[in-house]
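A.B. asks: For reference, the structure I am asking about is given below.
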Amino acid sequence: MTATSTVTPARRAVPPPLAPPPPLTPDDERRAGELINFMSVLPQAALRAVATLRVADLVAAGVDEVGALAAHAGVQPDRLLRVLRYLAVRGFVVEAAPGRFALTDLGQLLRDDHPLGLRAHFDLHGVTHRMEQAYEGLLGTLCTGEPAYRGTHGRDLYDDVEDEPGRTAAFTAQMSSRAQPSARGLAALPGWADGQDVVDVGGGDGAHLAELLTAHPHLRGTVVDLPATCRQAVRRFAALGLGERARTAAGSFFDPLPAGADAYLLCSILIDWPDEDAVRVLTRCAEACRPGGAVLVVDWLRAEGANPVVTTHVDLHEMVLVGGRVRTPTEVAALAARAGLRHVATAPCGAGTTLLTLVPVTDGAAGDPPR
């Protein structure tokens with residue numbers, strides 16, 4: 001399938017076992033079934049199909065009979081019925097009457113208008129599916145250390161996304177939906193009354209900045225991102241009536257940033273980059289930050305209270321796609337120190353993310369140690 005996925009490791013012979021496997025037990029057949037289900041791509045395929053067809057949205061709109069659902073979706077009713085019954089026994093829908101379906105609480109998550117915005121992640125036409133095709137190259141990443149996305153699609157993720165306007169829009173929309181819970185958490189944290197000007201570095205279509213400016217009318221801000229993405233941010237700000245307080249600055253966060261702001265946001269940015277590049281981004285923030293200002297890092301971290309199911313998933317996802325990684329607060333603080341910044345506070349920020357507050361080393365006290 002890909003150059004990366006066909007890499008053969010230069011492995012040594014497996015030594016003989018120290019002991020034979022344990023004897024079979026009555027639970028082994030059940031465990032084998034669980035293992036097969038764990039490996040199966042069929043649940044993903046079924047979910048992706050109904051998400052792409054917007055079945056949950058149709059059911060939510062009152063189109064609950066399989067024939068009508070199939071007609072709206074443009075598919076074969078008998079085939080759709082079998083898929084829905086497959087998902088019913090897995091808790092996504094219930095067959096309330098023969099051929100009529102209702103959404104469970106789990107199935108509600110597949111609605112396009114759900115606040116968590118997960119439907120787009122399952123859409124076969126979306127960028128997530130393209131990303132996850134690179135998972136097949138995990139073995140190659142283990143052998144070479146290189147991101148599998150490059151081997152799967154022939155170029156780095158960001159170059160691939162930028163090459164097609166539709167793909168750029170889909171990627172930005174996905175990042176925006178993923179950002180909403182942490183954006184609300186960030187806006188709800190104390191301390192914004194003391195600031196005036198915020199720069200959202202790599203801020204995409206402005207999801208975090210829009211949430212901040214809506215919650216705190218005294219704030220103004222700037223999104224720094226690539227030109228096509230900045231155009232999407234302009235449209236978001238205009239739609240929300242934030243045009244007079246929200247600006248954009250097209251450019252790379254590896255270049256000098258707009259100077260003199262009170263706060264520089266790095267939301268899900270450092271996680272995408274190896275250490276040396278992460279230090280470059282932090283250095284640009286430190287250079288631009290005014291005396292008394294702060295650099296605010298919002299990311300998935302291996303921090304106290306973090307869900308290891310989430311952090312280990314995100315860690316492998318980043319490794320395969322871009323060569324990034326989930327870090328501990330201590331590791332981020334060490335990178336920040338190389339950039340002339342000091343870690344002074346840690347706080348949960350919603351949706352499993354953590355906020356680290358960094359200040360220029362000449363400002364403030366040492367603060368609490370990273371955990």
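Heads up, residue numbers simply count up from 1 along the chain you see.
Even glycines carry a Cβ here, placed using N, Cα and C.
What you are looking at is a predicted structure, and each value in this text was computed from that prediction instead of being measured.
Annotated compositional bias 'Low complexity' per TrEMBL: 1-13, in sequence order. Annotation source TrEMBL lists region 'Disordered' at 1-30. Feature annotation from TrEMBL assigns compositional bias 'Pro residues' to 14-25. Summarising the annotation, TrEMBL assigns domain 'O-methyltransferase C-terminal' to 146-341.
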A.B. asks: To what whole number does the mean pLDDT across the domain 'O-methyltransferase C-terminal' (146-341) round?
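C.D. replies: Across the domain 'O-methyltransferase C-terminal' (146-341), the average pLDDT comes out at 92.
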A.B. asks: When DSSP states are grouped into helix, strand and coil, how many residues of the compositional bias 'Pro residues' (14-25) land in each?
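C.D. replies: Looking at the compositional bias 'Pro residues' (14-25) with DSSP, the answer is 0 helix, 0 strand, 12 coil.
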